[in-house]
């Protein structure tokens, strides 16, 4: 056989192998789709079971079940691709009973209930490859994720997990996946049956008199305060010259942040097209992220921005810092995946517009920056149309919340914060109710109104911005549920990434998540009030002992009362500490001359 015939035969064999590999990829994708449908069906059945009853010990089962349901919405690898040699072991009966699995042979299942800030922990596998990311009550057989020794998730360099084009749609190491979901309040009730949902048919009268007494107490205190001290409500503070100048300066700071966002996108686009490597991309990203953090803070510190405007600017800056990191980290993961696949198959490519690198477009990037989410996905579930009546209703409710906040702050809180009576405890008691009302109104204004308006205008279908945090019986449950966008970002890019890339254990990852959250909360107050104090930081870290103590009260009424007490007492304490420092140096909170 001549050399040309040998070469022709080799080329023929290569084409046959390439065709077989494409067939295997298509088969794997079909199996993955079937697996996802079956898992969704099982989740729906489990969700129906959870709604049967919540009396007595069932309350604890329901709260744990909800965490487990969230953990089961993991985008995972199919069992066929978990291990090349097919030695993939499932969960044993022992692991199902005890809630934890040990790897046997080359990989093993098993789950463990998630704890801490993330809500779903990742157990490090034993044996050669064992455990998986997150889980609930030992139901690891539902996922059978292939894992490595890196915190229970497979490294992108592991060939067994990268044999599918769907790996370029979203990283398999991240648990949550965007889906079409309604707002928690809108899903639980409609406007017509709001009160019927809250009350119990056996105690209708008690419920009615409780609502009456609550509203009467609020109205009486407002009227008495106005009669004794006069009305302090003044909308003109929102129109003062210095506040308008602050708004224009905030726009200037925003434009500087937009410049940094543009540079990061161009850098990622160059990497996706293969013009620069990951090392250069990472260096450019780190430099501009530092600039994006330091430069706006420097501009605010050199200005006379009022605390309210300064905190809004700083919070917006943090939002885009977190968004850019998610955009960078996710696309960097995709780039590593595609490099491994191209080494195995040099002709590998994808025509899916939602898959990397086709997803790196200016339109996709701008939509992510505007969308009410902090975690990047190549695509999001979308609605068919915009309900403008819905938008107008939410705008009206948001305006009402702003007026409630302004009234509470001007009429009840400012007189206490401006003058020190000598008794911090008494001042905190006077601030308790108005600050709590102001916080609740702010929560509804931001999470229920503003984010839903943004989502509706952008046709963004995943509206689960919060869950039923008011029913939580543990403090860590509250932190998981009251701010879903931030929780999902911390879960993905602090908790999971720290174990995946840096091989830390679950305890260190949890403490790191709390510390990260505490630093950025403290940063907002430090920039707003132009003072560096560790009070907010210590306040968040101080909740860690309460978390472990409060788990003894999980599912009990006393646990829910402890959660409400920390919210009710924590707000006035922080207000006294920060606002008193501000009024020691300034005469006005809104307008600085």
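Using N, Cα and C of the backbone, Cβ positions are placed for all residues, glycine too.
As annotated by TrEMBL, compositional bias 'Basic residues' applies to 95-105.
What TrEMBL lists as compositional bias 'Gly residues' is 106-124.
Under the heading compositional bias 'Basic and acidic residues', TrEMBL lists 126-147.
The compositional bias 'Polar residues' feature in TrEMBL is assigned to 155-166.
The region 'Disordered' annotation in TrEMBL covers 73-185.
Positions annotated as transmembrane segment by TrEMBL: 205-223 (among others).
Summarising the annotation, TrEMBL assigns transmembrane segment to 249-272 (among others).
What TrEMBL records for 278-298 (among others) is transmembrane segment.
Proximity of distant same-chain residues to the transmembrane segment (305-322), defined by a Cβ-Cβ separation under 8 Å and at least 6 residues beyond the stretch ends, is recorded for 242-243, 246-247, 249-250, 253-254, 257, 261, 289, 292-293, 296-297, 369, 374, 486, 489, 493, 520, 523-525, 527-530, 582, 589-592. Summarising the annotation, TrEMBL assigns transmembrane segment to 305-322 (among others).
Feature annotation from TrEMBL assigns transmembrane segment to 397-416 (among others).
Here TrEMBL flags 436-455 (among others) as transmembrane segment.
According to TrEMBL, the transmembrane segment annotation covers 508-528 (among others).
The feature transmembrane segment is assigned by TrEMBL to 534-550 (among others). Under 8 Å from some Cβ of the transmembrane segment (534-550) lie the Cβ atoms of residues 116, 473-476, 511, 514-515, 517-519, 521-522, 525, 559, 562-563, 566, 570, 573-574, 577-578, all in the same chain and six or more residues away from its ends.
For 562-583 (among others), the entry in TrEMBL reads transmembrane segment. Within the chain, the transmembrane segment (562-583) has long-range Cβ neighbours (under 8 A, six or more residues past its boundaries) at 307, 413, 417-418, 420, 424, 427-429, 431-432, 435-436, 439, 472-475, 477-478, 525, 529, 531, 533, 535-536, 539, 543, 546, 550, 553, 589.
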Of 205-223, 249-272, 397-416, 436-455, 508-528, whichever stretch has the most CB pairs under 8 A to the transmembrane segment (278-298): 249-272
Paired segments the transmembrane segment (436-455) and the transmembrane segment (397-416) in contact, 3+ CB pairs under 8 A: yes
